[in-house]
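For reference, the structure I am asking about is given below.
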Amino acid sequence: MSDDHFDDEQEGSSGGPRHPMAARFRGYLPVVVDVETGGFNSATDALLEIAATTIGMDEKGFVFPEHTYFFRVEPFEGANIEAAALEFTGIKLDHPLRMAVSEETALTDIFRGVRKALKANGCKRAILVGHNSSFDLGFLNAAVARLDMKRNPFHPFSSFDTATLAGLAYGQTVLAKACQSADIDFDGREAHSARYDTEKTAELFCGIVNRWKQMGGWQDFDD
């Protein structure tokens, strides 16, 4: 299915002059998302953490990470959680300071913030940015389906994958190595936290987009 089917869904746009962010990404607002999970199967495995960073644009057309939303999430009823996944992420479900919320609470708050950013940037819909973005989008869509949420601001299948973009820009597809190549500080001890990975992915995405602009690409944002 072509994403043209979704072009008329005006989630956050309004009349008046077109905002440069909307012009840059064809009406879509990039929002970086990372999830930490109980496994690889979005239908059966728990969503344990989710973070989302909205992207802003300055008066010169350069993009930057704007605001991050982060939640530790209670596993949905009947969710599968692989021991290997917990070992990999370091998540301790019984930690007294974990303070997890329901999937509904997490997504409702994130979607509210995303809609606010859509309105501020004159964009019609959010497009997920992620490192290996199909994984994050799959878990997001699965949670939306479980909750029967009717107003999901994200495009259901299009995304920007920073693993692909970093492979093009830096010859690296691993997040830590791509960040190092882009002169972005990356602490491996903090990795696999949804907040940390989201914010580093946002820095990487903005760096690649801005580097392309500096090299002469996308100078005319009204095209």
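Yeah, the Cβs are placed from backbone N, Cα and C, and that goes for glycine too.
What Swiss-Prot records for this protein is below:
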REGION    1-21  region 'Disordered'
COMPBIAS  1-11  compositional bias 'Acidic residues'
DOMAIN    31-205  domain 'Exonuclease'
BINDING   Asp34  Mg(2+) 1 binding site
BINDING   Asp34, Glu36, His192, Asp197  Mg(2+) 2 binding site
SITE      Phe40  site 'Important for substrate binding and specificity'
SITE      Phe88  site 'Important for substrate binding and specificity'
SITE      Phe135  site 'Important for substrate binding and specificity'
SITE      Phe157  site 'Important for substrate binding and specificity'
ACT_SITE  His192  active site, proton donor/acceptor
May I ask which of the recorded sites Phe40, Phe88, Phe157 is closest to Asp197 (Mg(2+) 2 binding site) if we compare their C-alpha atoms?
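When the Cα distances are compared, Phe88 comes out closest.
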In the same chain, which residues outside the set Asp34, Glu36, His192, Asp197 have their CB within 8 A of the centroid of the CB atoms that define the Mg(2+) 2 site?
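After dropping the recorded site residues, what remains is Val35, Glu49, Ala51, Thr89, Ala191, Ser193, Ala194, Arg195, Tyr196, Thr198.
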With Cβ-Cβ distance below 8 Å and at least 6 positions apart along the chain, what are the contacts of the residue listed as 'Mg(2+) 1 binding site'? List them in sequence order.
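Long-range Cβ contacts: Ile50, Ala51, Gly130, His131, Asp136, Ala194, Arg195, Asp197, Thr198, Thr201.
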Three-state secondary structure of Glu36 (Mg(2+) 2 binding site) from DSSP?
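In three-state terms, Glu36 (Mg(2+) 2 binding site) counts as strand.
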Between the Cα atoms of Phe88 (site 'Important for substrate binding and specificity') and His192 (Mg(2+) 2 binding site), what distance do you get, rounded to the nearest Å?
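Rounded to a whole number, the Cα-Cα distance is 8 Å.
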Which of Phe40, Phe88, Phe135 (the recorded sites) has the most other Cβ atoms within 10 Å?
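In terms of Cβ crowding, the pick is Phe135.
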Express the predicted model's confidence over the domain 'Exonuclease' (31-205) as a mean pLDDT, rounded to an integer.
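Mean pLDDT for the domain 'Exonuclease' (31-205): 97.
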Just how many other Cβ atoms lie inside 10 Å of the Cβ on Phe157 (site 'Important for substrate binding and specificity')?
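Other Cβ atoms found within 10 Å: 13.
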Please state whether DSSP places Phe157 (site 'Important for substrate binding and specificity') in a helix, a strand or coil.
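Strand, per DSSP.
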Quick one: pull the CA-CA distance for His192 (Mg(2+) 2 binding site) versus Phe135 (site 'Important for substrate binding and specificity'), whole Å only.
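Roughly 14 Å, rounded to the nearest whole number.
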